[in-house]
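K.L.:
Below, the features straight out of TrEMBL:
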- B:26-100: domain 'Phosphoribosyl-AMP cyclohydrolase' (DOMAIN)
- B:Asp73, B:Asp75, B:Asp77: Mg(2+) binding site (BINDING)
- B:Cys74, B:Cys91, B:Cys98: Zn(2+) binding site (BINDING)
2 protein chains.
Amino acid sequence: MLNFSKGEQGLLPAIVQDQASGEVLMLAYINEESWRRTLATGKAHYWSRSRNKIWLKGESSGHVQLICEIRVDCDADTVVFKVEQLGRAACHTGHRSCFYRRLSADGQELEVTDSPVFDPAEVYQK
Amino acid sequence: MLNFSKGEQGLLPAIVQDQASGEVLMLAYINEESWRRTLATGKAHYWSRSRNKIWLKGESSGHVQLICEIRVDCDADTVVFKVEQLGRAACHTGHRSCFYRRLSADGQELEVTDSPVFDPAEVYQK
């Protein structure tokens, strides 16, 4: 159903979007196994490129992403996961979205547009 | 400002989102040169992996994407372009979004959820 052979090392990008607000929360990568587990469990699984392993999003933080809808693009090499984000935040920094910085009008700097909703030190210490 | 060294072959994913509706329209890739041209012109430029060249989105179809806002993620290796999509559609199939297919509830098929807003044969013939 997905064209995993098109991705570098069999990885395809998954755009994660908040089902209710439409906010883009993060981008992560899936391989076939994480895709299979996502469909089987209804919880977003990715491939962690830094840790080189399957990653159930929220396995450390408890901030699991429940799959509401999956959309597939014209080339079947990118997906959108529309999710309900548990714990209110997707980003390891404690921000709701990983895209919490906006390019300034003069293109010279990144402006932080919101405050963290959790303290990473507390959440990841557990 | 962006971490191009983190991407395969210096390419980073750009998620393209409709500024008004929040709909995810497509995903494409940027390199440093396309990033520079996007900032300089206010029109989305990408790197075409199939044609191996800089690509002004809309150069054939006229369906240019005007940049309204750019957001940058926590790792500075993915961006969101919030755009005004000229010509009403981003996808080369004539659909408004490249993500015009939804995974069915049983996970067995892809359901087309909308109709094309233009005829590709007509638009790309010009």
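Glycine is no exception: its Cβ is also placed from the backbone N, Cα and C atoms.
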K.L.:
Counting only other Cβ atoms and using a 10 Å cut-off, which of the binding-site residues B:Cys74, B:Cys98 scores lowest?
P.N.:
B:Cys74
K.L.:
Among the binding-site residues B:Asp73, B:Asp75, B:Asp77, point out the residue whose Cβ has the most other Cβ atoms within 10 Å, with all shown protein chains included in the count.
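P.N.:
Result for the most crowded candidate: B:Asp73.
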K.L.:
How far is it from B:Asp73 (Mg(2+) binding site) to B:Cys91 (Zn(2+) binding site), counting Cα to Cα, in Å?
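P.N.:
Here the two Cα atoms lie 24 Å apart.
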K.L.:
Round to a whole number and give the Cα-to-Cα distance in Å for the pair B:Asp75 (Mg(2+) binding site) and B:Cys98 (Zn(2+) binding site).
P.N.:
26
K.L.:
So if the criterion is CB under 8 Å to a CB of chain A, which of the binding-site residues B:Asp73, B:Cys74, B:Asp77, B:Cys91, B:Cys98 qualify?
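P.N.:
Listed in sequence order, the binding-site residues near chain A are B:Asp73, B:Cys74, B:Cys91, B:Cys98.
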K.L.:
In the domain 'Phosphoribosyl-AMP cyclohydrolase' (B:26-100), how many residues does DSSP put in helix, strand and coil?
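P.N.:
Here the numbers are 13 helix, 29 strand, 33 coil.
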K.L.:
Are there any residues at least 6 positions away along the chain from B:Cys91 (Zn(2+) binding site) with a Cβ closer than 8 Å to its Cβ? List them or say none.
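P.N.:
Looking at Cβ-Cβ distances below 8 Å from B:Cys91 (Zn(2+) binding site), excluding near sequence neighbours, one finds B:Leu25, B:Met26, B:Ser97, B:Cys98, B:Tyr100.
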